[in-house]
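Summarising the annotation, TrEMBL assigns transmembrane segment to 28-50, 91-117, 129-151, 163-183, 204-226, 264-285. According to TrEMBL, the domain 'ABC transmembrane type-1' annotation covers 92-285.
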Amino acid sequence: MDEARPTATTVDEAQPLRTTRTTGGDKAVAVASHVVLVVWTIIILIPLLWSLLSSFKSSSEIISGSPFALPETWLFGNYARAWTEAGIGRYFLNTVLVVGSALVLVMLLGAMCAYVLARYSFPGRRLIYYLMLAGLTFPVFLAIVPLFFVLRGMALLNTLPGLVLTYVAFALPFTVFFLYAFFRTLPEEIAEAAAIDGCGDWRTFFSVMLPMAKPGLASVTIFNFLGLWNQYLIPVAINTRQENWVLSQGMGAYAGQIGYEIDFGGLFAAVVITITPVLIVYVIFQRQVQNSVTGGALK
C-alpha cells in the first residue's frame, strides 16, 4: 500500500492575500478630490500663463487680441524697459538685500529662541512663549503708527536697516512657534550623548541639534521668504524714500504711472520679474516642505 505523501501548498493557497475593497463612496471621494485639484490648478495656472504671454506683447495687442494667443512679435524689450526705465532692477536688488538679511537674522534668532524655550526649564519660560504666540494674533496695521515713531526715534525711518529689523520683528513669532514644536520632537538622548562627549550648550545646538532640524528650518525659511517678499503694507508705511523702495512699492508706483501711457507690456514684464524668484524658490525646496509636514505628522 502506497504511503500518503503530503501535498505541497503555496503561500497563496495557505494564506490568501487580503484585498482592499473600494466602495462606491471611496470612488466618489477620489473623483471629487481630483476634480477639485484640477479646477484649482487651472485657476492658478491661467493668470500665470496670461501674465507670461502678455509680457511679450505690445499694449495694443494685449487690449485687442486674445489673452492666451501667442504674441505676433516677441517683444523682449518689455523686460529691458521694466528693468531700467521703471526702476524694477533697483527695487529687485533692494528686495533681495532686505529679505535676505531679514531671513538670516530671523532664522538665527528664531532657532536659538525656540531651542531654549523647548529644551530648557527656567522661570518665565511659558510667559515668553505665550508672548511670542500673542505676536501671531497681532494685526500688522495696528502696529504701523507706534512702529513709525519708534523707527523715527532710532533714526531708522525710511532706511533699509530699519525695514530689515521690522521684518525680523514680524517674522520672529511665527518662526519661534514653528521651530518650538519641531525641537520638542527631537530625541533628548542625542543631546545627552553630546553632553557626555564633552559638547557644551553652544556646540550641542550648532553641531548636533540644528542639523537635525534642517527640514523644519527649510520649511519655515520658505514660509518667511514668501511672506516677506510679498510684503506691501509695512514698506509703504515706513519706507517712503524712493531709492529704498522694494518690489511691491515699485510695482504699485509703476501701475499708477502707466495709467495714461498704457505700457501694459512693461507692466506684465515687471509682474513676471516679481513672481519668478518666488516660483523658483518653491520649486527647488518644495520637497523639504513636504518632508517636514510628513515628518511632523508621523511624529
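Using the three backbone atoms N, Cα and C, a Cβ is placed for every residue, glycine included.
For the transmembrane segment (264-285), the partner stretch with the highest count of Cβ pairs under 8 angstroms, out of 91-117, 129-151, 204-226, is 204-226.
Counting residues 6+ beyond its ends, the transmembrane segment (28-50) has Cβ neighbours under 8 Å at 67-68, 275 in the same chain. For the transmembrane segment (91-117), the list of distant contacts is 83, 125, 128-129, 132, 160, 163-164, 167-168, 171-172, 175-180, 182-183, 205, 209-210, 213, 217, 220-221, 224-225, 228-229, 244-251, 273-274, 277: same-chain residues at least six beyond its ends, Cβ to Cβ under 8 Å.
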